[in-house]
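Asks: Pasting in a structure now, in structure tokens, and then I'll have a few things to ask.
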């Protein structure tokens, strides 16, 4: 099992959904970065259950404990260990149905790969619960890249087929704060909430699309040919449970354009070389080009649904059916926004360190 990501800014994730805790160890954080637990807690609170509409009934406080690497509200240069304790655990439903593999989950593949020794409760290591550790690491990465002016903004762009109309970048954060689903289009947000309510009443679930924008990236982030900016981002984002697709800029839409329409013309803007369009999503040749980074992430519907589904009983090797009565989200897209942001920040921090743009000691 591979649990680490990054080269200079490296995170190692640990914990399971129904284990004692989830957490992360972060190696390579420069010394002297001002950070306190409240700044990390703010990011973690964005993804926790109960923060948005129709999230899982499992309520966790998600209070952070710092075990190492931060002293007097500054990073020391030592590994940072952050932990959240799991307190609201109910494994009864998973014990009741443990022999029945849940469609859409990693029960079958995890059982086969690890010989049945894996922790199946709540999805174990495959659960979205582990992303709390990603978000803790992302909070530190966000603070680190802010020292060179980079800002990362994520939002719900589509949910259940309802597509948002996007305002200007400067208005996105304000609108998101007024939305129960992290959508900057407030009219679409109300429609999304109603659709989630309908799906919940029907015992079903919904998917959607998260968009993430990176602003003020310097030219030069990315290490071709195998550690390109989009390659590293895609790897990190695909580590988020339920993500089924990632595209940059025009993405798959570029395949339907002619070169004359897809190419982004260059010009001089405020003494800087920029492009007049951004079909490339801020990346050329695997390297940031100074334009806004633009990522779209496809998130599948929550596989845990209350409807009866055909499946297999592993103990008897017979066909059977399953109705899931556990605690689950009707739609995880709004909560996934903070995780996509976190993984983006982590990758940008790592590549900025590798490029020498961020120093090993932060001078205040």
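Yeah, the Cβs are placed from backbone N, Cα and C, and that goes for glycine too.
Sharing the feature lines straight out of Swiss-Prot:
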BINDING   47  NADP(+) binding site
BINDING   125, 126, 127, 285, 300, 301, 302, 303, 304, 327  FMN binding site
Asks: Rounded to a whole number, how many Å is the Cα of residue 127 (FMN binding site) away from the Cα of residue 47 (NADP(+) binding site)?
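Replies: Cα-Cα, rounded: 14 Å.
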Asks: Between residue 304 (FMN binding site) and residue 47 (NADP(+) binding site), what C-alpha distance do you get in Å?
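Replies: Their Cα atoms are separated by 18 Å.
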Asks: Between residue 302 (FMN binding site) and residue 47 (NADP(+) binding site), what is the CA-CA distance rounded to a whole number of Å?
Replies: 15
Asks: Taking the Cα atoms as reference points, how far is residue 300 (FMN binding site) from residue 47 (NADP(+) binding site) in Å?
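Replies: A Cα-Cα distance of 17 Å.
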Asks: Taking the Cβ of residue 47 (NADP(+) binding site) as the reference point, list residues of the same chain whose Cβ is under 8 angstroms away and which are at least six residues distant in sequence.
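Replies: Spatial neighbours, sequence-distant, of residue 47 (NADP(+) binding site): 131, 132, 135, 335, 338, 339.
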Asks: How many other Cβ atoms sit within 10 Å of the Cβ of residue 304 (FMN binding site)?
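Replies: Within a 10 Å radius of the Cβ of residue 304 (FMN binding site) lie 22 other Cβ atoms.
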Asks: If we count other C-beta atoms within 10 Å, could you say which of the binding-site residues 125, 300 has the fewest?
Replies: 300
